[in-house]
Amino acid sequence: FLIMLSASVINDTAFHPPTFILLGIPGMQDQHVWAAIPFCSMYILALVGNGTILYIIMTDRTLHKPMYLFLCLLSITDLVLCSTTLPKMLTIFWFKSHIISYHGCLTQMFFVHTIFATESAVLLAMAFDRYVAICRPLHYTSILNAMVIGKIGLACVVRGLLFVFPFVILIKRLPFCGHHIIPHTYCEHMGIAKLACASIKPNTVYGLTVALSVTGMDVVLIAASYSLILQAVLRLPSKDARFRAFSTCGAHICVILIFYVPAFFSFFTHRFGHQVPPHVHIIFANLYLLVPPVLNPLVYGINTKQIRLRIFVFFMGRR
């Protein structure tokens, strides 16, 4: 009986290792201490920026309007997105705490992909909000009332949960045969799947399907929304109004590109970019989780006159 129990434990360990080891940025282990400084600084900026936006919107009832409620939801997803990976990354860089439990790794993977999918849906909702505000201004309040906004927010979260949960099932079915070193700063689906000693074709196919049909469709719809918005802006009679609209839309589009380009680069590098240096891949994989949470409060928040004014009043009132 003891022999059978021992064999069972060994087989289970081989199938699912109790822990994984996150290497950090491959080839840059000697620079981890210094690399952590800009990452930590950006994380603090993301926390302060998004926390300030949330506080301003939640405490000022005059800002309880569709555009600001979507911005509030974006700030929440930004805070969760960067907080899912940055604290563990900093412990790897500064304290050499490379070990993460098997279930902890799967939990991190689940939240990283779920929040990314949720934020993608929120960006699409915000593009739709701008389209209605500019192209259908007379119907704005009737189309985007409180109930509709609540349903859109819930749909963003539920969609992410439904499409990402199969990732956990696909990983749990894989045997790892003692392979447990992940050359990354955090746990993501394909980074874990590549360690398996069995076919990962279902993981690859499902991952591609989700990326192209869900996130890819978000990109197409966002592009279509801004195309219609720009057409409407070109018809504005005032040159000054056109300039303000162009500058606002341009800033929004830049932040959206910063969110999607590194994400798709990381995603396709896992599958096709075998010539890409590992440290380049890992750095890009961290950019889409950290740079947008830093920039979104500036572009969507401080760039908005009403929020900028309330932030000024808030800080002046503190003095």
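Placement of Cβ uses the backbone N, Cα and C atoms for every residue, glycine included.
Per TrEMBL, the features are as follows:
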type	residues	note
DOMAIN	49-300	domain 'G-protein coupled receptors family 1 profile'
TRANSMEM	33-56	transmembrane segment
TRANSMEM	68-86	transmembrane segment
TRANSMEM	106-128	transmembrane segment
TRANSMEM	148-171	transmembrane segment
TRANSMEM	210-233	transmembrane segment
TRANSMEM	245-268	transmembrane segment
TRANSMEM	280-302	transmembrane segment
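Sequence-distant residue pairs (6 or more apart) of the transmembrane segment (245-268) and the transmembrane segment (106-128) include at least 3 whose Cβ atoms are under 8 Å, placing the two stretches in contact. Only sequence-distant pairs (6 or more apart) were considered; of these, fewer than three Cβ pairs between the transmembrane segment (148-171) and the transmembrane segment (33-56) are under 8 A, so the stretches are not in contact.
If you look at the transmembrane segment (68-86), the same-chain residues 6 or more away from its ends with a CB under 8 A from one of its CBs are 39-40, 43, 46-47, 50-51, 53-54, 57-58, 108, 111-112, 115-116, 118-119, 122-123, 125-126, 129, 149, 153, 156, 185-186, 286, 289-290, 292-293, 296-297, 300-301, 304, 306-307.
Residues 25, 63, 71-72, 75-76, 78-79, 82-83, 86, 89-90, 93-94, 286, 290-291, 293-294, 296-298, 300-301, 307, 310-311, 314 of the same chain lie 6 or more positions beyond the ends of the transmembrane segment (33-56) yet place their CB under 8 Å from a CB of it. Beyond the transmembrane segment (106-128), the same-chain residues lying 6 or more positions past its ends with a Cβ under 8 Å from any Cβ of the stretch are 67, 70-71, 73-74, 77-78, 80-81, 84-85, 88, 100, 152-153, 155-157, 159-161, 163-165, 167-168, 171-172, 186-189, 192, 210, 214-215, 218, 221-222, 225-226, 252, 256, 259-260, 263, 288-289, 292, 300.
Regional average pLDDT for the domain 'G-protein coupled receptors family 1 profile' (49-300) in the model is 91.
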